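Here is what TrEMBL says about this protein:
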type: ACT_SITE; residues: 1205; note: active site, proton acceptor
type: BINDING; residues: 16; note: [2Fe-2S] cluster 1 binding site
type: BINDING; residues: 56, 59, 91, 93; note: [2Fe-2S] cluster 2 binding site
type: BINDING; residues: 203-210, 293-297, 306, 350, 368; note: FAD binding site
type: BINDING; residues: 711, 742, 856, 1023; note: Mo-molybdopterin binding site
type: BINDING; residues: 858; note: substrate binding site
type: DOMAIN; residues: 175-360; note: domain 'FAD-binding PCMH-type'
């Protein structure tokens, strides 16, 4: 858009928030406009793809646009600018490292090379093993291949828009929509007239407040006034008493203005600017700050505002105008009596805000703590200002404001008045802490259940302000003011996001391998370029079919109830509505008995689909769905938690049990026994592409094309055919690619495909069903919440002799795969340890929540965490280090698991030893001890965790696979197989396999889609098995073809591929072949408690280091080193990306991602606003991954191993590093040793475990947990 001085500025923005009406006079560039395979690929797109920065590819266009925008404004950005540009982007697949690798190629070199894995400067000669090893493996990408970034080749701002901005007189714009009107005035007088005429009409600049309310809360505004084009509202002036910033100025502009003012003005004058700037750095992402306005932030009076507390504390003034005149009021006035405050009249307009200069003897600070450091609304934010009487530390004026504590920003007015005249000392601090806790009253009904944590933050932030001011006073007069103890100083520094440094080590291919043979090489994802250009087609990218209808689902709002009636009469009157689809419209099967209980399409359950509305647009369908009235009759009992299920004996059968050795006898002979319990919360899949289906009736023979985002097309075909009462051969299911799945697109995708197909069958129209993020999270369920109860018998030397453990998992309302998850959790619970006497039981609880389902790791991330918890507790009880207890109990020789399957742990021990060595574990542990001695409020922790991950699907028929390979007469090859591209690069690997087997370049081979028409009865792409089984099938098909071609090749050995194919055709040799793999032999006898359920084992070890802030509970992931045994990698770039992506997803599970429910069983965390997955700021600052060399696996293709799931569990190394840091805090403070930590180990739990005077003020010395976090 055109800025001041007629210069074009480039801004990234979220398309879902940006009203089209607001784009008048602007040029819009989408990812397709940046570059495409049809024109030219932009360097950003090329480098993201070639650095392996896309997996499923759904988030990639957003990444491209954020980086592209930054480069248009700063062709040689700094690392800091680059990480800031990506703060508003999320990726669920990659773990961000390869994306950041691509970003680094554009950044100008920093002063220090930062290339060392230990973060030390290049001038430091100290080496560690990761650095030396770096030289042994080539890079995953070659920067020499990149085209240069040439700013002169970018698009210019359209000259016609430039001329329009310069020459055309500004005029009022009015846009009329179906239900609303958009008015954009150009003068302040006109705005005042409009506001007088329409006092309830909101003023919209960035739409970041009104937009979400309209989208998620159903708020409707018939008239919207857009004042962004009025010059008075865009003013920026440096006055004698402060800065005046127009209310329509974006937060990005405000950030730039404040930064420049800080550089130009004396430090004494800019303290408030600095505090506001600190909040702006983490407020939203660049995309939000680019459009959100200062005035909107203030006027909305949102409780969760980062800016309002500091602006109010800083004595900022508001310039208001109306037809009645102009006036200035203190910003703090609008918060005086809560959200209903009438300090601003409905007809008044906020024109500008004056931010005053700070004065001598005045100190100002801003604070925030959020579920994630960046792009997250604060749990509590605060602004504080103190003014001392000249030359003293006697309080003359004090302002303390908090956000997040009530319905709007609140002032601790009584506290501040009481403290005036007090001196800035510990006596004042003690009084202030008690006063502020009494004055700021938090409602007990806070939906997030963080009442105690918020109170602790309120008083902790005041303490931090107290320390900051003491330190500032020392700077002013060190003789009079001693400042704070040295060991307190580090807490004054907030954790910053730095550009992570990383090393990836893998084994290079043998020199004897043909250069044309791609196996073992880091090949770019087959769709990587298309991901980056936006040309990759997902379900909702498929062009509309003529007459297509859109479906919106209506879900139950009750946990357990009988539906008395469904009244859709009002919905049918809505514009564009075509029909209502109910259970009565299902031609055949509406219940699917894959277990003893039915999976249900249209029958009431928690958040389950009751009916659906078909309309001519998604907006019309959604509006009509809101008008459907459902009358319920409540039923008892309502079972939500595992405790409820145990109380009502509500379980899915069978319960599973494994026993090994003589447990009871062993408990009699051990030295000591410990008992405990750990709770592990659920996890949302949060795939980037929500559940998506397009069902297209073909018009004859009851045929239907179903395009669906699923891991299991054959299952979709089966369910849709059963619902419609037609043979499976009439349903053609197609999957090109899936925008992430992680186990969440199996059964639930089948249910939703059935819903769409029933609607398509009834209306005889194509029907599109794309779930919104909120509906997806509400309906589909996720990872199973867990309670692990354990009793462990051990010797004083750390040997564990007996374990008795019970697992309860929250299965939700239908069986789904809950019993199977319970079984796997038992089979894998030993992790890396040989326990001679073991008894374990697993029960799947039946509750009134949406049924939980498969999720990457499938029960092992939960049972493995339980195991590592009691290992750590044994270490605490014996006084040994956790790593020593792990080593003592680890599998060491050819041994048997607790279900009598043999294993060779040689590579487990190798991974452990290599990780110990490469991470320099012991020297860093010593350095951490030293750091912790010198820092009271910040502590570091380190943990190293081994992993044994068994591979297998339990039954042979579940791992069978087929492939179909066609060779055309021009020599090109078309390949298809039963595997689904979910982001794990399976199609890329299959092309690598075919290339090797046929001995032709990869460029000859094309993969089209996975379809039930080409490969029937394919098994699901699950359990990390896709490459293993489909690779075998592709190899079989290629070998069949090569066998047919061999006589022709023998006759003409000097010919080329095209010659041979032409000759084969002329000799009537079939150039099409199917390949087949029967699957891996596997069995498990649960009656005997023994079997061979797994084919082979993967091994790994992760060492993680963290730093915690004891005052807030915040933490920073400093470094992670991973060593993984994955056999011989087919594609190291893809495989290392899978390890890193899984690990970061594990960080989310164990430390961040928190699902919260109401007491009625309604999911509260329904979107990225409330549910936080890891972002760029959460990955380790140093992130090193090494693949174990010289590892063979005779069971899988080319000696590889299926690794998609394994790395997730290693994320618990961060959990135990945090525990290590907390243990240090508690030991230092003389607290009793036994303490429980649950997962996710959020800032709230960390803060509560770091017990001090402030926690005791609020909750005594008891730990607490979120009241609505359902286990």
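Every residue, even glycine, has its Cβ placed from backbone N, Cα and C.
A straight line from the CA of residue 1023 (Mo-molybdopterin binding site) to the CA of residue 297 (FAD binding site) spans 46 Å. Around the Cβ of residue 91 ([2Fe-2S] cluster 2 binding site), 28 further Cβ atoms fall within 10 Å across all displayed protein chains. Summary of the Mo-molybdopterin site environment: with the site residues 711, 742, 856, 1023 set aside, the chain residues having Cβ atoms within 8 Å of the Cβ mean position are 741, 743, 744, 854, 855, 858, 982, 1021, 1022, 1024, 1204, 1205. Nearest Cα neighbour of residue 742 (Mo-molybdopterin binding site) among the listed binding-site residues (56, 209, 295): 56. Note: the Cα of residue 297 (FAD binding site) and the Cα of residue 16 ([2Fe-2S] cluster 1 binding site) are spaced 19 Å from each other. Compute the center of the Cβ atoms of 56, 59, 91, 93, which mark the site for [2Fe-2S] cluster 2; besides them, the chain residues with Cβ within 8 Å of that center are 54, 55, 57, 58, 60, 92, 94, 688, 739, 740, 983, 1141. Ranking the binding-site residues 742, 858 by how many Cβ atoms sit within 10 Å of each one's Cβ puts 742 at the top. A straight line from the CA of residue 207 (FAD binding site) to the CA of residue 16 ([2Fe-2S] cluster 1 binding site) spans 10 Å.
Of the candidate recorded positions, 203, 350, 711, 858, 1205, the one lying closest to residue 56 ([2Fe-2S] cluster 2 binding site) when CA atoms are compared is 711. Cβ contacts within 10 Å of residue 59 ([2Fe-2S] cluster 2 binding site), excluding its own Cβ and spanning all protein chains shown: 24. Each residue contributes its Cα atom, and for residue 93 ([2Fe-2S] cluster 2 binding site) and residue 856 (Mo-molybdopterin binding site) these two points are 12 Å apart.
Here the binding-site residues are 209, 295, 1023, and the one whose Cβ sees the fewest other Cβ atoms within 10 Å is 209. Summarising the Mo-molybdopterin site geometry, the residues cited as binding it (711, 742, 856, 1023) extend over a maximum Cα to Cα distance of 13 Å.
Cα-Cα distance from residue 858 (substrate binding site) to the residue listed as 'active site, proton acceptor': 8 Å (rounded to the nearest whole number). In this structure, the C-alpha atom of residue 711 (Mo-molybdopterin binding site) lies 52 angstrom from that of residue 350 (FAD binding site). Compared over the binding-site residues 93, 203, the count of CB atoms lying within 10 A of a residue's CB peaks at 93. Note: the Cα of residue 59 ([2Fe-2S] cluster 2 binding site) and the Cα of residue 350 (FAD binding site) are spaced 37 Å from each other. Regional average pLDDT for the domain 'FAD-binding PCMH-type' (175-360) in the model is 93. Taking a C-beta cut-off of under 8 angstroms and a sequence separation of 6 or more, residue 856 (Mo-molybdopterin binding site) has the following same-chain neighbours: 742, 743, 1142, 1145, 1204, 1205, 1208.
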